[in-house]
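Take a look at the structure set out below.
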Amino acid sequence: MNAQTQASKNALHKSLERRHNASTSLAALWRPALLQAFVKLDPRQLLRSPVMLVVELTAVLTTLLCFVPDQAVPTSVALQIALWLWFTVLFANFAEALAEGRGKARADSLKAGSQGLSANKRRADGSFESVVASSLRKGDVVRVQAGEMIPGDGEVIEGVAAVNEAAITGESAPVIRESGGDRSAVTGNTQVVSDWLLVRIGANPGESTLDRMIALVEGAKRQKTPNEVALDILLIGLTLIFLLVVVTLKPFALFAGGNLPLVFLVALLVTLIPTTIGGLLSAIGIAGMDRLVRLNVIAKSGRAVEAAGDVHVLLLDKTGTITFGNRRCSALYAAPGVSGKELAEGALLASLADDTPEGKSIVEYLRILHPIEEPRREELTPIAFSAETRLSGVDWNGQVYRKGAVDAALRFIDLPREKMPEVLSREVDKIAQSGGTPLLVVANGRLLGAIHLKDVVKPGIRERFAELRRLGIRTVMVTGDNPLTAAAIAAEAGVDDVIAEATPEKKLARIRQEQGEGRLVAMCGDGANDAPALAQADVGMAMNDGTQAAREAANLVDLDSDPTKLLDVVQVGKELLVTRGALTTFSIANDVAKYFAILPALFVGIYPQLDVLNVMRLQSPQSAILSAIVFNALIIVALIPLALRGVRVQAADASQLLQRNLLIYGVGGLVAPFLGIKAIDLLLTAVGLA
C-alpha cells in the first residue's frame, strides 16, 4: 500500500471518528457559546442585527449616565438598568452562538477529513502527477485507485468502482459509481474501496458539496434570506416609530411640570422595541439550517429552504418515493390451453438471463413454487432488454423465449390485442387496475400467459400525504406507468393527481403550468433528463448518487439519495417560517402590552388621570422601568429553546395554523408582560432593589 493510500485511509478514519465524537448537545456547547456571546459584543458583528445594535448603544449610554449624578435616579437603580441592558445583548448573542455552535461542531469534523488530501492529476501528455487536492480546478482529470480518497466533486469518465461515502452520508455500505448513466457523479472526500476511476473535477475550490455543507452549518457566514431582510426592515421601522414615541414623552412631561430622567427614557425605548425577535432572528435561521443538515440535505442558499416552507405542489416520482421500487413477481396466469408447468418453464427461461430485480424475483418465485430442471447458463443466448423492443429473454436449442410489456409481446408474435384470449385479457386489466405491472410470456410464436409484478406502496405514505393536504400542499405522482396502473397506485397512495407515461418534457410543462397559476413547485430527480425540471422548480432536490447535471441544476442535494426526504425538507421549511412568524407575533404583542403596562406607571405622578389605566399598580416608576428591563432580558432566555427547536407544525390548513399561533403567541405575548413584570416588581421590592 502506497503512502497516499495509507494517508487517505487515515484521513477517512479520523474524519469518521471525529464526526462520531462531535458533541452537539446543548450542555457541551454552553461554555464556548458564553465566550462567543462576549466576542459578539463587537459592534461590527452586531451590524447584522440592527435592533440589538440599538440595545448595545443604549447600554453604553446608560453605563455612562451612571457616572453622571442625577437626584431623580439613584445610582444603584441606574447601574441595575445598565447591567440588564448588557444582559439583554449578551442573551441574544448567546442564542446565536449556541445555534452556531451546533453547526460548527459538524463543520469541524467535516473539515478534518479534507485536510492534507493529494490527487493524481493527468497531464496534457497523458501521464499523471501528484498534486495537492486544493489546487485542482474544474475540468481537471484525476485517477483514483482503490484505497484513495476522491479529491473533489466530479463526473466519472472511465472505470467502475465501489465507493465508500460514509464521510459525507454516514452510510457505511459502499455504492457503485461508473461512467455514463445516472451513477456517474462522485463526491469529494469519499473513498474508492475497489478498482479505479478516472474523474473529471466538476467544482473549483470552495464550490464542492463538502464546501457548501461546511458553509451551510457555519451559520455566521450565511447570507440573509429575502424574508429575513424584509423582517429586518419591519423591525427597523418599528424601532424608529418607538424612538419617536419615546422622544416625544420628554416634552409632554416638561409641559406638565414633571420630569422623566434620561435613563428611564433610554430603558423605556429598549422595552418597547422588538428586542425579542430581534435577538432571536439569527438563531432561528441558523437552527433551521442545522435541522436541514441533520437530515443530510445541503442547500445552495437559504432561499430554497424558505421556498420549501411555502410550496403548494409536490411532484414526486412513484418509484423509490411512493413505492419501494423493487417490483416482485406475485402470480402467474396461464393462457387457455397452456398448462401451469409450461408457463412456469417459459417464464423461468425468459428470466434466467435477466439480472434486473424484477427478473431475479421471477426466478426466485418459480424456483420455490414451480421447481423445474434448469439449463446451464452457458447453453443460453441471452437477449437483453432494450427500449426499442421492450422485451428480454433467451434463445435456447432453437427455441425463442421472451417476456415483456403487453403490447410489445403481442407485437413480437403478431397477435392483435383484440384477438388476445378474453380470460387472459381480463387478468391483464385486473393487474394494471390493481397497481401492478403485467408482463406477457411468449415462446416460439405462442402466448403462454401473464406475470403479475407488484410494486408495494410504502407504509405510512398515505397518512403523510393526508398531512400535506391539510397543510394546503397538493401531491402529484410522476410515473412512466400506463394510466391504469398509475391511477391504481395513486388511489392506494392517496396522491391528489398523477402524471402517467411521464417524460422530462411533461414534467417541465407541468411545473411551468403550476407556476403560471401562481403556485410554488417542489420536485426531486437524479438523472440528466431531470435537470431542466429541477432548474425550473422553485425547490429542486437532486440525489447525491445522481448525475452531475442534476446536482448542478438543483438547489438542494440529498446526500442519502432518499427521494422521500423532500417531504421532510418541506416540513423543515414550514417550521422555519412558522417559528419566525410566531416569535415575531409574540415580540410585537409584548411591545404593545409593555407600552400600556409601563407608561401609566411612569406618568401617573405627572398626569393623575392615567391612574385608571395603571392596572398593574407597580410600586414606583423606578420599579416599573427596572421590572420591564429585567422581563425584557429574561424572555429572550426563556425563548431560546423554542428558537433552536422550532415551532412544531401540526397537520392543519393555513387558517387553523394562523388562529392557533395567534392564540398562543399573540394573546400569550399580550398577557405575559403583565404577569411577568408584576411578579418581578414584587420580587425587586421585596429584596429592596427598587
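Cβ from N, Cα, C; glycine included.
These features come from Swiss-Prot:
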ACT_SITE  Asp317  active site, 4-aspartylphosphate intermediate
BINDING   Asp354, Glu358, Phe385, Ser386, Ala387, Glu388, Thr389, Arg390, Leu391, Ser392, Lys403  ATP binding site
BINDING   Asp526, Asp530  Mg(2+) binding site
TRANSMEM  49-69  transmembrane segment
TRANSMEM  72-92  transmembrane segment
TRANSMEM  229-249  transmembrane segment
TRANSMEM  253-273  transmembrane segment
TRANSMEM  596-616  transmembrane segment
TRANSMEM  624-644  transmembrane segment
TRANSMEM  662-682  transmembrane segment
In contact by Cβ distance (the transmembrane segment (662-682), the transmembrane segment (49-69); 3 or more pairs under 8 Å): no
Chain residues outside the transmembrane segment (662-682) and at least six past its termini with a C-beta under 8 angstroms from it: 582-583, 585-590, 592-594, 597-598, 615-616, 618-619, 623-624, 627-628, 630-631, 634-635, 690
Leading stretch by Cβ pairs under 8 Å, where the reference is the transmembrane segment (72-92) and the options are 229-249, 596-616, 624-644: 624-644
Residues near Asp354 (ATP binding site) in space but at least six apart in sequence (CB under 8 A): Lys360, Ile362, Val363, Phe385, Ser392, Gly393
Long-range neighbours of the transmembrane segment (229-249), counting only residues six or more past its ends (CB under 8 A): 50-51, 54, 260, 265, 268-269, 272-274, 277-278, 281, 580, 584, 588, 591
For Leu391 (ATP binding site), the number of other Cβ atoms found within 10 Å of its own Cβ: 21
Intrachain residues whose Cβ lies under 8 Å of the transmembrane segment (596-616), provided they are six or more past its termini: 253, 256-258, 260, 264, 268, 271, 624-625, 628, 673-674, 677-678, 681
Cβ neighbours within the same chain of Asp317 (active site, 4-aspartylphosphate intermediate) - under 8 Å, at least six residues apart: Met477, Val478, Thr479, Cys524, Gly525, Pro563
Chain-internal residues near Thr389 (ATP binding site), provided their CB is under 8 angstroms and they sit 6+ positions away: Gly404, Ala408, Phe412
Residues satisfying Cβ distance under 8 Å from Lys403 (ATP binding site), sequence separation of at least 6: Ala347, Ala350, Ser351, Ile362, Leu391, Ser392, Gly393, Ala409, Leu439, Leu440, Val441, Val442, Ile451
Mapped DSSP class for Leu391 (ATP binding site), helix or strand or coil: strand
